[in-house]
Amino acid sequence: MTEKAKILLVDDRQENLLALEAILSALDQTLVRAHSGEEALKALLTDEFAVILLDVQMPGMDGFETAAHIKRREKTRDIPIIFLTAINHGPHHTFRGYAAGAVDYISKPFDPWVLRAKVAVFVDLYKKNCQLREQAALLRGRLEAVPGEARSGDLLGELFTRLAALEESADGMAKQLENAEDPALSASANQVLTRVARLRAAMDALVPAPVGNGGPPAEPRPPAPQGPPAARRPPDAG
């Protein structure tokens, strides 16, 4: 059973937190409340979150200052932040939000379906990254426990099978986001693909090269799926 992701909801108004919980409850993830920026920072010290929904206008430490603290910490700087604001902001206000590290800026009242869809994508990306970390840890642990000469048999076959399934899943997700207008989503998807590619390269390096002078060839590996055009380097001009 896949572990639920945690979503941090930050707002000083209780009714707003209840509304967010009602909108996001259909995602069936763990929703964590914080009533202030300080409370949010405390929660981030102990828990790992897939995405943060952060109100801009809060007494004391506002959303911008809270986001700045989050982005300064190495452990939390990569967590996506969606700013929520009730004021009619102009370009300068929006720029300040993105400069503080937000991946999106949504004005209240917002469309519940749009907000839920955006959060769902970031949760999915977070879970893909967790899978990659788990597979990398499994790879390191299994290889450290097995003598070098035994690494080319059933163990590598099992690990390549797991990797192929992960590649297929990541490739499908990237194709869904190929035409996404949100650059943050595209960047997060490409980050997942990059981690998959690094894991594939590490696995390929473990496979023994074909033995010369008529020796048996190395065991075949499942091919890596091709990523979508948006995730590949464009050809050089000229």
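Backbone N, Cα and C atoms are what each Cβ position is placed from, and that goes for glycine too.
Keep in mind that this is a model prediction, so the values were computed, not measured.
Pulled from TrEMBL:
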COMPBIAS  217-232  compositional bias 'Pro residues'
DOMAIN    6-123  domain 'Response regulatory'
MOD_RES   Asp55  4-aspartylphosphate
REGION    207-238  region 'Disordered'
Per-residue pLDDT averaged over the domain 'Response regulatory' (6-123), given as an integer: 90
Spatial neighbours of Asp55 (4-aspartylphosphate) that are distant in sequence (at least 6 apart) but have CB under 8 A: Val10, Asp11, Asp12, Arg13, Asn16, Gly63, Phe83, Leu84, Thr85
Helix, strand or coil at the residue listed as '4-aspartylphosphate' [DSSP, three-state]: strand
